[in-house]
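Please read the structure below before turning to the comments.
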Amino acid sequence: MKLGSDILPSRLKSIITKLNGPNTLGNSRVFWAAFGVGLLLLVVQPLIRGSYAAGQFSLFLAYGLLGLSLSIIWGYTGILSFGQVAFFGIAGYTYAIVSLNLGGALGPTVALPVAIAVATISAFILGYFMFYGGVRNVYVAILTLVVTLVLETFMAQTAGAKWAIGSVKLGGFNGIPGIRNFTLGVGESSFSLSGSEFYWFVLAVLLFAYLGSRILVNSKYGYSLVAIREDEERTAMLGYNVKKVKLAVFTFSGALAGLSGIFYANWGNYMDPSVFTITFATIPIVWVTLGGRESLLGAIVGTVIIEWLRKWFSINASEFAIVFVGLILMITILFIPRGILPGIRDMYVFFNAHGLREGIEHGRDTIQSRAQTLLGSVGIDISDSETPGSSEVMRE
Amino acid sequence: MSAPKNMGVNQQPAVAATGSDREAILSTRQLTKKFGGLTAVDSVGFTVAAGEIRCLIGPNGAGKSTLLELITGQLSPTQGDIYFDGLDLTALEPHERMDAGISVKFQSPHIYESLTVEQNLRVPLQRTDRETETVLTDTLERISLAQQANVSASDLSHGEKQRLEIGMAVTLDPKLMLLDEPVAGMSIDETADIAELIRSLHDDGMTFLVVEHDMEFVRKISEQVTVLNQGSILRQGPIEDIESDDEVRRIYLGENA
């Protein structure tokens, strides 16, 4: 906090410095400029593409929160969790049950904090038993997946009148329909969010969650997350209470996933057990891997790209949607193993240091050599001379 | 993160039993660890005095590393107690023991490969209330890695990684430093660097407990030596006495001294 600066109030200035740090990839002016442009495009999107398109897109942004939660727990802390969708679903169901039981404008307003609390507490309980029970590494992945699948089985059999909470029937496979749009405020002053307004609201929440997560990972606390990911035993032997840190992060990311689930329930006005299926449990892993799991923004960007593509494919080539997504994932892992955003960042750093021409050459060489090793490993041999686009052409 | 500073568990003043007049900083009482039918550490009672460099030697399988892991809390004892600085450690978690003033360097380098040298040192410093920047500069100087402060830790040589890990432990300003074979796999020059580093930290008042195989190195740093054999203490005393002891020579030094 520098008191000398008069352009910005000192508190705002200190928040801005907290956003940047060694644990996030983009800290430069260029990054923030690009971020600003991207954000602006997102903000004006409903005005250009219309309210309906914005409404469709708001689901991707809602999923962005789920991707963000996985990036924090997996990318930063090294805990692979399939359970994010469990907290997503728990929050969605809670929101549905509470808001429909209370009804009116009051319902959604009360349901929002209650649903977040239930997701957070669920994450805390599961996390407590896992981390304090000594469950580690791949067993966390298995256990979280099992919990999710058990929830699927359980919720799927809740058909019939006896499975009701208050006036709301859980509905088994058919789920809970008729969830009311998001409403803020009480009584006369309340207003319901749909279309563009809902889009802007989700965008604002995602922006805050992203900036908040940046502050978190760049804080003292963030160091301990990265340290646990890199070497858990060493970190404990430097005096860190590893179990406690893991539990706290797991709980926090459960809350984020829950928030995402609430938006999901709002978006479709509907909640069913498909959110607990293995397909949905693995999709966040794909988003985050594609975007770059050690990058918070990468996780969000990856989510939006994949979901946008899935949507596009499901309209234009329905049965192949998941195949294409798999293909994209494979190509990304092979050519930019760290993910899209870290890949772009590495490219930018290289171009900056070596100039455009050398940068292009380097990029081409990298892709060529990776493709060669790849094809070589399946028995196809291409030598340099046969590869089109040689350096002479590029130099012209 | 809350650092439990005063864990007033069983305040028990431990007095050095080795005849040294210095106050004991670490003592064990009937410390035993059994793995199934194997007794790795068998009723060991030993004491490290404040300010000394104690070396722990013994043939492979003598229980040296097990003893160290009992002290750090990675293993819990089958029987017996460990006292450190007037505190009963036995029921404490590893991180609580580190809070109490113990630091450890593992046998193979455990550092954060994806972070820079400086960031590696910042990780432990984050949780102390020490003057971060000053300690950072001092430590980098001390472990002779000031030039490489911004180098990725994965690019360091084996010897540099070992020094970095000692540096990480040092930033916590421990009362007792545990080193598990600090010069394993190191060149002669690197070994000399480590010996010098240990001596200089010792001059500043740090107590050391070092598990080591290399007798040359033990001679360089140590005053007091404890010999373990089959989980029990065989001999204890000044290095000269140990090296001239017939039984020690037969069991341990026979082949390489």
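Cβ from N, Cα, C; glycine included.
No curator has checked TrEMBL annotations; they are predicted automatically.
Quick look at what TrEMBL annotates:
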TRANSMEM  A:30-48  transmembrane segment
TRANSMEM  A:60-90  transmembrane segment
TRANSMEM  A:110-131  transmembrane segment
TRANSMEM  A:138-156  transmembrane segment
TRANSMEM  A:198-217  transmembrane segment
TRANSMEM  A:247-267  transmembrane segment
TRANSMEM  A:320-341  transmembrane segment
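Among the listed stretches A:30-48, A:198-217, A:320-341, the one sharing the most Cβ pairs under 8 Å with the transmembrane segment (A:60-90) is A:198-217.
The stretches the transmembrane segment (A:138-156) and the transmembrane segment (A:110-131) meet in space: the count of Cβ pairs below 8 angstroms, excluding pairs fewer than 6 apart in sequence, reaches at least three. Remote same-chain residues near the transmembrane segment (A:247-267) are listed as 55, 58-59, 61-66, 68-70, 72-73, 76-77, 79, 81, 83-85, 87-93, 95-96, 108, 111-112, 115-116, 118-120, 122-124, 126-128, 130-132, 179, 181-182, 193, 198, 202, 205, 209, 213, 216, 225, 275 (criterion: CB distance under 8 Å, separation of at least six residues from the stretch ends). Within its own chain, the transmembrane segment (A:198-217) is flanked in space by residues 15, 18-19, 21, 23-24, 39, 42-43, 45-46, 54-55, 57-58, 61-62, 64-65, 68, 71-72, 76, 181-182, 225-226, 252, 256, 259, 263, 266-267, 296-297, 300, which lie at least six positions past its ends and keep a Cβ under 8 Å from the stretch. Cβ atoms under 8 Å from those of the transmembrane segment (A:30-48) belong to residues 54, 57, 61, 195-196, 199-200, 203, 207, 297, 348 of the same chain, restricted to positions at least 6 beyond its ends.
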